[in-house]
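Participant: Annotations per Swiss-Prot:
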BINDING   8-15, 21-22, ARG60, 87-90, LYS98, 114-115, 180-181  substrate binding site
ACT_SITE  HIS9  active site, tele-phosphohistidine intermediate
ACT_SITE  GLU87  active site, proton donor/acceptor
SITE      HIS179  site 'Transition state stabilizer'
Amino acid sequence: MPTLVLLRHGQSQWNLENRFTGWVDVDLTAEGEAQARKGGELIAAAGIEIDRLFTSVQTRAIRTGNLALDAAKQSFVPVTKDWRLNERHYGGLTGLNKAETAEKHGVEQVTIWRRSYDIPPPELAPGGEYDFSKDRRYKGASLPSTESLATTLVRVLPYWESDIAPHLKAGETVLIAAHGNSLRAIVKHLFNVPDDQIVGVEIPTGNPLVIDLDAALKPTGARYLDDSRAEALPKVG
């Protein structure tokens, strides 16, 4: 039966600085690198043999996947990168300090932007420092200027169906190294989590989430490999 392993990237510099990161290509901290390697060690210790890695086009996710595979002694695994696995686009909040933004707009409003399912932050103004339209990794793509979790799901799900699911249906073990919200979108889809509950699902950094699937890609079991840093999981079935 197919197995899916979800791995949220390790701590990034802007995680450390408490800034809205979104699509900004921030690298891992030393702690983030250690988290990624630990994730790979856990995968190896569990006897999991990865057949393919999918990741975003953002450095922190790419490096997390590569470091994990290297630590698991599986660096030969094919890797596919796609922007549709990117983190949620935080629009006009991109680059801002979260605490300072809450002081300016109020905690309630910022909480709505961050944690509501279908209310996005203000749009990113074109031509600014964080305008990604001229970044060559997105050449030919129709890019968002802001996203909610709902629109992140709309972006991620077609890629899941067209590119990732066929490998799982073929019985492969797939690792996805990505971001909190793109992984949350996949969890919502697989476990059919209600809209008002998915925003409360937390995915810890660097802790592999192993999901056992049946032939129809319905979850039959799920577990974090590091129990000490595990978060609550949606119910299976």
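Cβ atoms here come from the backbone N, Cα and C positions, even for glycine.
Fair warning: this is a prediction, and the values are worked out from it, not measured in the lab.
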Participant: Cα within 10 Å of GLU87 (active site, proton donor/acceptor) is the criterion; apply it to the binding-site residues GLN11, TRP14, LYS98 and give the hits in sequence order.
Facilitator: none
Participant: Suppose we draw a 10 Å sphere around the Cβ of ARG8 (substrate binding site). How many other Cβ atoms does it contain, all chains included?
Facilitator: 28
Participant: Would you kindly give the Cα-Cα distance separating HIS179 (site 'Transition state stabilizer') and GLN11 (substrate binding site), rounded to the nearest Å?
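Facilitator: It is 11 Å, counting Cα to Cα.
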Participant: Near HIS179 (site 'Transition state stabilizer'), which of the recorded positions ARG8, HIS9, TRP14, GLY22 can be found within 10 Å, Cα to Cα?
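Facilitator: Within 10 Å of HIS179 (site 'Transition state stabilizer'): ARG8, HIS9, GLY22.
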Participant: Who sits close to LYS98 (substrate binding site): which same-chain residues at least 6 apart have their Cβ under 8 Å from its Cβ?
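Facilitator: ASN18, ARG19, PHE20, VAL110, ARG114 - these are the non-local Cβ neighbours of LYS98 (substrate binding site), listed in sequence order.
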Participant: Tell me the Cβ neighbour count for GLY22 (substrate binding site), meaning other Cβ atoms within 10 Å of its Cβ, over all protein chains shown.
Facilitator: 25
Participant: As a test of the contact definition, list every same-chain residue at least 6 positions from ARG88 (substrate binding site) whose Cβ is closer than 8 Å to its Cβ.
Facilitator: GLY22, GLU147, SER148, LEU149, THR152, HIS179, GLY180, ASN181, SER182
Participant: Just to confirm: which same-chain residues, 6+ apart in sequence, have a Cβ under 8 Å from the Cβ of the residue listed as 'active site, tele-phosphohistidine intermediate'?
Facilitator: LEU28, GLY32, ALA36, GLN58, ARG60, ALA61, ARG63, THR64, ALA177, ALA178, HIS179, THR205, GLY206
Participant: Within 10 angstroms of the C-beta of GLU87 (active site, proton donor/acceptor), what count of other C-beta atoms is obtained when all protein chains are considered?
Facilitator: 25
Participant: Are there residues of the same chain, six or more positions away from TRP14 (substrate binding site), whose CB falls under 8 angstroms from its CB, and which are they?
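Facilitator: Non-local contacts for TRP14 (substrate binding site): PHE20, THR21, VAL24, VAL26.
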